[in-house]
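Here's what Swiss-Prot has on this protein:
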- 22-165: domain 'SprT-like' (DOMAIN)
- HIS78, HIS82: Zn(2+) binding site (BINDING)
- GLU79: active site (ACT_SITE)
Amino acid sequence: MSTLRIPIALQQAVMQCLRHYLQLANQHLGTAYPEPKINYHQRGTNAGSAYLQSFEIRLNPVLLLENKQPFIDEVVPHELAHLLVYRQFGRVAPHGKEWRWMMEQVLKVPASRTHQFEVASVRSKTFNYQCKCQQHALTIRRHNKVLRGESEYRCRQCGEKLQFITINPD
């Protein structure tokens, strides 16, 4: 897998945003939380992830390159809020009242759980399966489990075992 190069100006914009919201939080909370580590190794359709114990934020490089400033403005404070909530309150619901409070009252940004970025470029290939009543799209992970005989999947409507038909031409 090749690594995408994130232009230095975009990395600087990420860090500027991170530092802005971290400063807001430290002032509001009366704390001196350190700057989290940022890396650009998030894969799939997730825009970002917060690694609580290592105080690290992973950002999706493809979605960052495609969406630039809107991505930074939405995803960086979202993931930072997860880290701050963990430091402030310990283990709580990921998008619970503490996280919403951190987003809205401390960081002063809307508390949105999911992003609305176009994900066609990062969506994984799916595999068509069918039962008696409909078609189903399985991820490559589930498809491979079927091929190895580790799992079988059944339709929630009719209960029939799903049968492989074709690969989706994504």
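Every residue gets a Cβ built from N, Cα and C, even glycine.
In the predicted structure, the domain 'SprT-like' (22-165) carries a mean pLDDT of 94. Cβ neighbour count for HIS82 (Zn(2+) binding site) (all protein chains, 10 Å cutoff from its Cβ): 21.
Long-range Cβ proximity for HIS78 (Zn(2+) binding site), meaning a same-chain Cβ under 8 A and a gap of 6 or more residues, is found for ALA47, GLY48, MET103, VAL109, SER112.
The Cβ of GLU79 (active site) lies under 8 Å from the Cβ of GLY48, SER49, ALA50, ILE57, ARG58, LEU59, each on the same chain and at least six residues away in sequence. For the domain 'SprT-like' (22-165), DSSP puts the residue distribution at 55 helix, 26 strand, 63 coil.
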